[in-house]
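What Swiss-Prot says about this one:
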TRANSMEM  44-64  transmembrane segment
TRANSMEM  118-138  transmembrane segment
TRANSMEM  139-159  transmembrane segment
TRANSMEM  172-192  transmembrane segment
TRANSMEM  243-263  transmembrane segment
TRANSMEM  274-294  transmembrane segment
TRANSMEM  326-346  transmembrane segment
TRANSMEM  372-392  transmembrane segment
TRANSMEM  406-426  transmembrane segment
TRANSMEM  450-470  transmembrane segment
TRANSMEM  490-510  transmembrane segment
TRANSMEM  587-607  transmembrane segment
């Protein structure tokens, strides 16, 4: 069995690396690299199902492999892979979602002159994520972690001729660099105190240590990578990249890496109340804040981006509840419908002459029925509609939240955020799909291309059945609460329905609204993203620049000028005055100087 696991993983890596290695081939004329990349990912997906089926059939808990890589006198670094529920379920999902995204990208990016390089970037992005997921030691995990970071920079800034794309890419790197500091510090702490980076050894050796400091480092790392409150502004900015990049970034790679890190190292956290409470409160705050921002945005991709951030907040809350499995389940179900929402958005944007403002859409159901249907299915799955993929994870999370002993504010914020999910999802569907068309009649609408429909259809199936399939084959590690009052059981559904009713009321009010931009403080707060980018990206740099300028001026005036040339001039002034008085035409002075010079000349002779 171990042999099958190893050989299948190595085969997956080899298949995925083959298109990348062909870059070294000097004779590449006429090769369809983009199509080859898509085929490689689809083949890797089918191969990855083999170890998953064997694993589920044998009911094993996990398989760990270990090869020594290098060692110093005191420290070993190994290459070790971990095959357990998390890695063996996530890898096929990541490959499946990427396969659909690459197929969509064949259509979306067909006119790009560098499409081959674009596909290689996406493939490297996926490989880095697979390395991160299957890693059993911190060093390997760090390689995958940095890999997804650098590839996100290259992909977000793909259209580097645009200043906004460059700024967004740089923003993503800088915010993630803050998170990386947390991970590097934690790894340094592990190396110094536990003398090991092997995850299994860390679990055993950490029993005698107070793990608060490294866990805070891990929380910081997850905050940066998974765009939690405080380090979240890079996520909506990342929408400057092409739509396939947004889909891959938000579904199964970059943004879930932070949450996955906490899931992998969760045994360290489960008895540390400070770390759990930090995750819980941070997640609740992120979920509500980003859901609030999504309510008033008008850019279709930004609304979907904020919904991602809100769902990541929900995953963080789940980790704070000591339920890493539920967080993982939500990662898996979320990947399908989030990728599908982005691909539908991309299809709509492309069909409406690159229009992203939802106020200039509408009535697409009669013109683009397939895309509109899938878009609606994705939005329903996101809100947690019963029996779609999102319901299985979201409902379980809200149940766990309602039946736990925890901070009541965190519970309230999360429930409000869940309600807001229904509001912005309905608003999105209402403006894009329903109503009358509000766009130019000349738009080149065509959704007959099989590359578009097949890729979105594949994800739509995932959005419908993935939750059921995963929950049927995934035994919970912790016993869930089996009995609870009906109101608690229905809480998730009730808040979603409440949000839906509010959204319908708001949609009716929108048509009666006279002013284009109503000056309401709450609306303004939400529309300006809580003034966060303004404060962080404008006010703070301005204050620092002003402080720097005043410090430089003071140094220049006092030390460099007053103590330098001016100070020197002042000290020489007395001497200069004395010597200057000589040439004023006074006969007494001349005679005195003449006599003194004469005496000085005669003295050596007399002596």
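Residue numbers in this text run from 1 along the chain shown.
Each Cβ is built from the backbone N, Cα and C atoms, and glycine gets one as well.
Remember, it's a predicted structure, so these values are computed and weren't measured experimentally.
Comparison of 44-64, 243-263, 326-346, 450-470, 587-607 by number of C-beta pairs under 8 angstroms to the transmembrane segment (118-138) places 243-263 first. Here the transmembrane segment (406-426) has long-range neighbours at 277, 280-281, 283-285, 287-288, 291-292, 294-295, 303, 306-307, 310, 313-314, 317, 320-321, 379-380, 382-384, 394, 398, 491-492, 495-500, 502-504, 506-507, meaning same-chain residues at least 6 beyond its ends whose C-beta is under 8 angstroms from one of its own. Of the two recorded stretches, the transmembrane segment (326-346) does not lie close to the transmembrane segment (490-510), with fewer than three CB pairs under 8 Å once pairs fewer than 6 apart in sequence are set aside. Remote same-chain residues near the transmembrane segment (139-159) are listed as 77, 79-80, 118, 121-122, 124-125, 127-133, 165-166, 168-170, 172-173, 176, 180, 183-184, 187, 197, 199, 221, 225, 238, 240-242, 245, 248-249, 253-254, 257, 261, 264 (criterion: CB distance under 8 Å, separation of at least six residues from the stretch ends).
A Cβ distance under 8 Å defines the sequence-distant neighbours of the transmembrane segment (172-192), meaning residues of its chain 6+ beyond its ends; these are 75, 138-139, 142, 145-146, 149-150, 152-153, 156, 202, 213-225, 227, 231, 233-234, 237-238, 258, 261.
Nonlocal intrachain contacts for the transmembrane segment (243-263), taken as residues 6+ away from its ends with a CB within less than 8 angstroms of a stretch CB, comprise 86, 90, 93-94, 97-98, 101-102, 104-105, 108-109, 122, 125-126, 128-129, 132-133, 141, 144-145, 148-149, 152, 155-156, 158, 179, 183, 218-219, 221-228, 235, 269, 279, 301, 304-305, 308, 312, 315-316, 319, 324, 327-328, 331, 334-336, 338-339, 342-343, 345-346, 349. Using a Cβ-Cβ cut-off under 8 Å and counting only residues 6 or more beyond its ends in the same chain, the transmembrane segment (490-510) has close neighbours at 383-386, 394-395, 398-399, 402, 415-416, 418-427, 430.
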